[in-house]
Amino acid sequence: MKPINVGLLGIGTVGGGTYTVLTRNQEGNRAPCRPPNCHHARRDRNLELARKVTGGQIDVTDDAFAVVVRPRHRHRGRIDRRIHHRARTGYEGDRERQARVAANKALMLAWQRDFRRVAQQKGVIVAFEAAVAGGIPIIKAVAAGAGRQPSSRVLRAIINGTTNFILSEMREKGLAFADVLKEAQPRLCEATRPSTSRAWTAHKLMILAAIGFGIPMQFDKAYVEGISKLDALDIRYAEELGYRQAAWHAPSAPARGVELARAPDPDPRETPDRQCQRRHNAVLVSDACRSHLVYRPDACRRHASAVVADIVDGTRTAYHRRAPAVPHLLSSPTSSWTCRFAIGEVSSAYYLRLRAVDKPGRDGHVTRILATGSLHRCDDSEGNRRQAERRRSGRHHHPDHVTVEKNMDDAIVAIEALPAISGSVTRLRMEELSR
């Protein structure tokens with residue numbers, strides 16, 4: 001076998017891990033990949049760091065195009081997040097008939113049509129296993145096995161290790177969001193840019209939905225909601241009700257379209273994915289027979305395994321001269337699925353927390369508003385004692401039956417207008433696998 005040469009664009013966390021795995025396993029598994037020729041193109045262009053990681057064993061340069069047009073390179077790992085610069089190198093690589101392995105989700109969304117067109121013309125692979133869920137091989141699993149099945153709930157994912165870490169700290173230590181965020185910022189890069197982290201998570205969600213349902217990648221159709229307004233009280237109350245707070249990102253397929261939501265949801269503690277805590281990721285796939293598969297690796301590890309998996313696939317394709325097993329980005333122009341446009345059309349049960357003063361008829365007014373909107377208050381028999389304690393402190397929470405979100409929005413506006421209610425109402429969606 002003639003070895004395959006690999007060029008890495010970026011050698012930070014992901015790129016460095018990829019280099020280490022390829023170099024370490026070269027002799028052990030006899031993989032037909034030579035140690036990668038590395039290009040370091042991070043914003044700081046820190047070539048000294050690149051030389052330190054590689055130990056001076058490979059060529060290092062700060063010119064991305066020198067790696068792209070190098071005839072020896074059959075594979076390119078693309079790690080840097082500078083979108084337009086990487087798009088240019090992507091075009092050049094496709095023209096040079098190089099297989100491209102990308103960990104850059106924003107790049108896949110922003111330039112998907114152009115990359116797909118050029119890649120198909122040149123007959124090269126565009127692989128992006130590492131772009132979702134921190135190294136879980138979920139793209140191959142969904143594309144080859146569980147995707148496009150007529151299930152009401154196909155994919156649910158915890159695909160932001162930083163968010164999951166913050167929620168775990170809030171639950172275990174009872175800290176406020178701002179305190180945990182400040183503690184996490186020196187250690188976790190995504191914690192320093194919360195708004196960017198939310199966008200990255202929505203990118204991952206959109207990729208999963210596109211693969212699962214064969215829809216075009218429509219990032220502007222994804223609903224994104226952070227956890228900054230979540231209080232430690234909500235996490236504690238969820239535990240008392242038998243739920244555990246998680247930042248679920250769930251593309252689902254009801255009859256009218258595909259729902260896309262990135263939002264914090266209380267989830268029953270007995271579900272198979274509830275052991276995913278701290279910086280771990282998890283993806284849960286439900287099939288048409290209501291069975292559940294959970295993919296749950298350690299998100300603290302490098303994405304290298306996912307990048308290397310794509311490189312190995314590309315190597316097999318090159319030697320056997322067959323078409324790629326995973327179609328480029330998997331969006332079908334003839335797909336009948338559409339993204340549902342408004343979050344107000346989503347159906348869910350809801351948890352409400354509100355602060356109220358002690359006035360006669362207070363609970364009756366709230367119940368009447370919920371009943372007017374065809375909403376039903378659910379009493380928690382096991383939590384009656386705790387509810388009594390919360391009534392004395394002026395805090396209530398009401399788990400409700402399934403309803404359309406726009407009805408709940410109207411009810412919340414009416415509840416907040418009551419004289420006995422102080423401040424705004426906290427609302428969380430409560431999801432269960434049986435729905």
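Each Cβ is built from the backbone N, Cα and C atoms, and glycine gets one as well.
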Requested in this report: Looking at the candidate ranges 15-34, 75-94, 255-274, report the one that Swiss-Prot labels region 'Disordered'.
Outcome: 255-274
Requested in this report: Would you mind reading off the Cα separation of Val14 (NADPH binding site) from Lys204 (active site, proton donor), to the nearest angstrom?
Outcome: 16
Report task. Name the secondary structure element type, per DSSP in three states, that contains Lys204 (active site, proton donor). Result -> helix
